[in-house]
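Data block below; observations after.
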Amino acid sequence: MLWIASRLTRKFSTSSIYYQNKLKLALIGQSLFGQEVYSQLRKDGHKIVGVFTVPDKDGKADPLATAAEKDGTPVFKFPRWRVKGKPIPEVVDAYKSVGAELNVLPFCSQFIPMNVIDNPKHGSIIYHPSLLPRHRGASAINWTLIHGDKSAGFSIFWADDGLDTGPLLLQKECPAEPNDTVDTLYNRFLFPEGIKGMVEAVQLIADGKAPRVPQPKEGATYEGIQKKSNAKISWDMSASAIHNWIRGHDKVPGAWTVINGQAVTLYGSSLLDAPVPSGQPLEIEGAPQPGLITNNGLVLFGCDGKPLVVRNLQFDDGKMIPAAKYFSTGETTTLTLTEEEMKTAEQIKVIWKGILTNVPKIEDSTDFFKSGAASMDVVRLVEEIKEKCNGLQLQNEDVYMATTYEEFIQMVVRKLRGEDKEEEIIIDHVTKNVNNLTVKMPYQCFINGRFVDSENGKTYDTVNPTDGSVICKVSYASVADVDKAVAAAKDAFETGPWGSMNARDRGRLLYKLADLMEEHQEELATIESIDSGAVYTLALKTHVGMSVQTFRYFAGWCDKIQGTTIPINQARPNHNLTFTKKEPLGVCAIVIPWNYPLMMLAWKSAACLAAGNTLVLKPAQVTPLTALKFAELSVRAGIPKGVINIVPGSGGLVGQRMSEHPDIRKLGFTGSTPIGKQIMKSCAVSNLKKVSLELGGKSPLIIFNDCDLDKAVRMGMGAVYFNKGENCIAAGRLFVEESVHDEFVRRVVEEIKKMRIGDPLERSTDHGPQNHKAHMEKLLEYCEIGKKEGATLVYGGRQVPRPGFFMEPTVFTDVEDHMYIAKEESFGPVMVISKFKDGDMEGVLQRANDTEFGLASGVFTRDISKAMYISERLEAGTVFINTYNKTDVAAPFGGFKQSGFGKDLGEEALHEYLRTKAVTVEY
C-alpha cells in the first residue's frame with residue numbers, strides 16, 4: 001500500500017479542524033460520493049470555488065449539485081465538455097472563471113478536456129476504485145470481483161492524457177471477502193475510506209508533500225465497461241468462477257442466464273460449503289446439470305460439479321423475487337395496517353416524496369425506479385428509513401423486490417411484524433421427538449456463519465447419559481477447522497460490521513439473542529438434559545434461565561463501557577489532557593466444561609461479545625449440542641457471520657491449537673487445574689495471549705453449632721448434590737462442629753433417602769445421571785479410595801442398578817485431613833464430612849484454608865460477627881454466609897490460588913475482554 005505520512009499543523013476548536021494550508025478547489029463529478037468529498041473538504045477549510053456536475057435528471061438534481069447549491073457554491077451543469085473531440089470554448093471559459101488551484105474528480109462520468117485537466121496550478125487528481133495499474137477502465141470494482149482478487153482498494157492519481165495511467169498519489173487496500181458484491185465492497189471500504197483518502201490527498205498537495213509515483217507496467221490490466229449484453233453466464237466455468245461472475249455483476253449490470261426461455265438475472269451468490277439440500281429441479285439453458293430450488297435459494301453447479309447458491313432472481317419486467325419462491329404462485333394476502341403502521345407508512349411516503357421530487361403525488365401504484373430513482377437513491381431510501389423509522393433495518397435488495405409504493409409498504413409491515421423471517425442458513429438438523437417436543441439439533445462445526453462438516457470429515461458419537469444411547473454423530477473438528485474459525489473471527493473483527501458497529505446496536509443484537517434463547521428455552525433445556533444428564537427442571541431454571549439472564553445483563557453493558565479522564569502535570573506553556581479508552585482485544589478463544597454446557601458458554605461469551613470481540617468456542621467434547629443450537633440462534637438474532645464460531649472436538653487437538661494460535665489474543669478456560677496450567681504455558685509461549693482460568697475447587701463449608709440446622713442441612717445438601725455434584729463450587733468438604741455433627745449427618749441421610757433418582761426429563765426427578773461413563777467410573781474409584789483410607793461410608797458409594805450412568809448420593813464421615821478424599825475434588829455427589837471441636841474457630845479456619853484451591857467457601861452461623869470474621873479469613877474467591885450456590889449475573893465469580901484467576905460475571909468480567917489505552921494530547 002502506498003501511503004504518505006504527513007505532519008499537519010492544526011488548531012483545535014469545538015466546531016472543526018483548520019489546516020495551515022488551504023486550496024481553492026474545483027470539484028468535477030457527481031453522485032453521493034462526490035457530495036461527501038465536497039462536504040468534507042469544505043469542513044476542513046478548503047474553498048470550493050466551483051462545482052461542475054451533470055444536468056438535472058427528470059427534474060431532480062444530482063446530490064453534489066444539491067449540497068453545493070444549498071451552500072451557495074457556484075454550480076455548473078454542463079451536459080458535455082467536448083463536441084466531436086474538441087473542447088467547447090464557452091464551457092472551458094466558464095470553468096476557468098472560477099480560478100481553481102486544483103481540480104478534484106471524486107467520480108466523474110464525463111470526458112474532461114486536457115486544457116481543463118492541466119489548467120490549475122496543481123493540476124487534477126482522480127479517484128479510481130482499484131489498485132492501479134490493475135483494472136483500469138470504468139468497471140473496476142466489477143472486475144476485481146470477477147477475477148476473484150484477494151485484495152481490493154482504491155487509487156488517487158494525477159490525471160494525464162491516458163486512461164487511468166497517471167502517477168499515483170495515494171493508494172489504500174482492503175481484503176476482498178469471498179462473498180463480497182460491488183455494493184458490499186463499496187459500502188464497507190471504497191465509499192467511506194475513499195472519502196477520507198480524497199481529503200487526505202488534497203491536504204498532501206496543499207502541504208507540498210504529495211508524491212507522484214509512476215504506475216508500474218507490470219500487472220497492468222484494462223477491462224471494458226460491463227453491459228447487460230455481455231454479462232451472460234458461461235456454464236463451462238467452475239462453481240467458484242460462476243460465483244465470482246455473479247457477484248461481480250451484482251447489482252449492475254446483473255449476471256443472467258436463460259430459464260424456461262426467458263432471461264433471468266441472478267443476485268446474492270455464495271459458495272455452498274454444506275451438503276446440497278433437497279429441492280425441486282429447474283432446467284437451465286446450457287448448465288451442466290439442473291439447478292435446485294431449495295428453501296435457501298437456487299442451487300447451481302459449475303462444470304467441476306461443485307455447488308453455489310443464489311438468493312434472488314430478477315425477470316425482464318424488473319420484478320425481483322426470492323429464488324426459493326420460484327415455483328410459488330406469487331400471490332400474497334394484502335395486509336390491513338394498524339394505526340401505528342399507518343403512521344409509519346406516512347413517514348415512508350414523505351421519504352419517497354423527498355427522493356422522487358419529480359413525482360407530483362405518491363400513489364400506491366407509484367414505481368420507485370420507473371419514477372427515475374437510481375441505485376444511489378436506493379441507498380438513500382434505506383438509510384433514511386433507518387434514521388426516521390426507529391432504526392428499521394432494510395437491505396438494498398428489499399427495494400428491488402418491492403418497487404411500487406404499495407408493495408413496499410406491505411413488505412415493510414411484514415418485516416415489522418416478523419412475518420418475513422425465513423431460514424437463511426442451511427442446517428442439516430438431527431431431529432428427535434422427546435419431552436413432548438420436536439427437538440432440532442445442529443451437529444456440524446459452525447464456522448463463519450455456516451454449519452459445515454469438519455475438513456477431514458471425521459465425526460464422533462455424543463451419548464445420552466440416561467441410557468447410554470447415541471444421540472447423534474457430531475463433527476470432530478481438526479486443526480484446519482480451528483484455523484478457518486480463527487480466520488473468520490479475525491476477518492469479522494477487523495473488516496466486518498461487528499468491529500465498526502455502534503455499541504448500542506451491538507447491545508440490541510445481544511438482547512435479541514437473549515430473547516430467542518428464552519423463546520427456545522424448553523428446547524434448549526431438553527437438549528441439555530439428554531446431552532449432559534441435567535435434571536430438566538434445573539436445566540430450565542439454571543442452565544438456560546441464567547444463560548438468558550447473563551446475555552441480557554451484558555447486553556446492557558455494551559454502551560456503558562467507559563474510560564477515564566486523568567489530570568496530569570502540564571507541559572507549560574502548553575496544556576495536556578490524558579484520557580483512557582477501553583478497547584476490545586480482537587479474537588478470543590473460549591473453552592468450556594461439560595457440567596453446565598450452555599451456562600458456561602453464556603458466562604464467558606456474553607462478556608466477550610459485549611466488549612466487542614469475536615470468538616471461537618470449543619464446547620466440551622461430551623456435551624456439544626446446546627452450543628451448536630446456540631450458534632443457530634445467533635444467526636437468527638442477526639449476529640454477523642464470523643463473530644461466533646463453534647468447533648466441537650478434543651481438548652488435546654482443538655483446545656491445544658487454540659492456545660497456540662498466533663491470531664488469538666485472549667483465551668478463557670473453565671476446567672481442571674492441570675489442563676489450565678498447560679493452557680497457560682502454551683498461551684505464554686505462543687504469543688503471550690491474555691488468559692483467564694476458572695479451575696478446580698475443594699470448597700470448604702463450615703457449619704457451626706449455633707446455626708439454623710434445618711437450613712444448614714437443606715443448603716448443605718444443595719452445596720454438594722446440586723446438579724448431581726457436577727458443580728465447580730460444590731462444597732468439597734464439610735466441617736461440622738462436634739456438638740451438632742451426628743444430628744447433621746442423620747438428617748442428611750434421612751433426606752437423601754427421599755431423593756428420587758431417575759430420568760432427568762421426569763418432572764419429579766431430583767437426581768439424574770452423571771455426565772458420562774468415564775466420570776462415573778472415576779467417582780466409584782474415588783469412593784473406593786475413601787473406604788480404603790479409613791473414612792466411614794455412611795451412605796451410597798455405588799452405581800445405581802439401572803441403564804445409564806447413575807451414581808447414588810454418597811456420604812463419608814470421619815474424614816481426616818491427610819486423606820485423598822479430603823484433598824481432592826470428586827466433582828460428583830459425594831459429601832465429605834469432617835468434625836471439628838466445639839469453639840475451635842481458628843483451628844477449623846486453618847483446616848479449611850489448608851488447600852491449594854480457593855474457588856468458593858461457606859459458613860452457617862447465627863452469629864453475624866463470627867460469620868464476617870470467617871468470611872475475611874477464608875481464602876476463596878466467593879464466600880457464602882447462611883446460603884450456598886447463590887450466584888448472580890451481576891456478582892463477579894472466580895477463584896484464588898490454583899483455582900485460577902480472572903472473573904466471570906459482573907462488571908469485572910468485561911475487563912477480562914478489554915484492554916486499556918492511554919491517550920495524551922498537548923494543546
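Every residue, even glycine, has its Cβ placed from backbone N, Cα and C.
TrEMBL annotations:
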type	residues	note
ACT_SITE	His128	active site, proton donor
ACT_SITE	Glu694	active site
ACT_SITE	Glu694	active site, proton acceptor
ACT_SITE	Cys728	active site, proton donor
BINDING	Gln110, Phe111, Ile112, Asp164	(6R)-10-formyltetrahydrofolate binding site
BINDING	592-594, 618-621, 651-656, 671-672, Lys778, 825-827	NADP(+) binding site
DOMAIN	339-416	domain 'Carrier'
SITE	Asp164	site 'Essential for catalytic activity'
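Here the features listed in TrEMBL are painted onto the structure.
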{"residue": "Gln110", "record": "(6R)-10-formyltetrahydrofolate binding site", "contacts (Cβ under 8 Å, 6+ apart)": "Ile28, Val54, Phe78, Arg80, Trp81"}
{"residue": "Ile112", "record": "(6R)-10-formyltetrahydrofolate binding site", "contacts (Cβ under 8 Å, 6+ apart)": "Ile28, Trp81, Asn103, Leu105, Ser124, Ala159"}
{"residue": "His128", "record": "active site, proton donor", "contacts (Cβ under 8 Å, 6+ apart)": "Arg136, Ala140, Phe154, Ser155, Ile156, Phe157, Asp164"}
{"residue": "Ile592", "record": "NADP(+) binding site", "contacts (Cβ under 8 Å, 6+ apart)": "Met600, Leu601, Lys604, Leu617, Lys618, Pro619, Ala620, Ala627, Thr670"}
{"residue": "Gln656", "record": "NADP(+) binding site", "contacts (Cβ under 8 Å, 6+ apart)": "Ser682"}
{"residue": "Glu694", "record": "active site", "contacts (Cβ under 8 Å, 6+ apart)": "Phe669, Thr670, Gly671, Cys728, Leu855, Phe893, Gly894, Gly895, Ser899, Gly900, Gly902, Asp904"}
{"residue": "Lys778", "record": "NADP(+) binding site", "contacts (Cβ under 8 Å, 6+ apart)": "none"}
{"residue": "Phe827", "record": "NADP(+) binding site", "contacts (Cβ under 8 Å, 6+ apart)": "Asn595, Gly725, Glu726, Asn727, Ala730, His775, Leu779"}
*Residues within 8 Å of the Gln110, Phe111, Ile112, Asp164 Cβ centre (excluding the (6R)-10-formyltetrahydrofolate site residues themselves)*: Leu105, Cys108, Ser109
_Can you tell me the CA-to-CA distance separating Leu653 (NADP(+) binding site) and Phe111 ((6R)-10-formyltetrahydrofolate binding site), as a whole number of Å?_
60
*asked:* Across the domain 'Carrier' (339-416), what are the DSSP residue counts per state (helix, strand, coil)?
replied: 49 helix, 2 strand, 27 coil
*asked:* Tell me the Cα distance separating Gln621 (NADP(+) binding site) from Phe111 ((6R)-10-formyltetrahydrofolate binding site), rounded to the nearest angstrom.
replied: 64
*Average the pLDDT scores across the domain 'Carrier' (339-416) and report the rounded value.*
85
*Other C-beta atoms that fall within 10 angstroms of the C-beta of Leu653 (NADP(+) binding site)*: 18
*Quick one: give me the count of other CB atoms within 10 A of the CB of Lys618 (NADP(+) binding site).*
27
*asked:* Long-range neighbours only, meaning 6 or more apart in sequence with Cβ under 8 Å: which ones does Gln621 (NADP(+) binding site) have?
replied: Tyr460, Trp594, Pro648, Gly649, Ser650, Gly651
*If you draw a 10 Å sphere around the Cβ of Asp164 ((6R)-10-formyltetrahydrofolate binding site), how many other Cβ atoms fall inside it, taking every protein chain shown into account?*
21
_On a simple 10 Å Cβ count over all chains shown, which one of the recorded positions Phe111, Cys728 is most densely packed?_
Cys728
*Taking residues Gln110, Phe111, Ile112, Asp164, which bind (6R)-10-formyltetrahydrofolate in the record, the widest Cα spacing (Å, whole number)*: 14
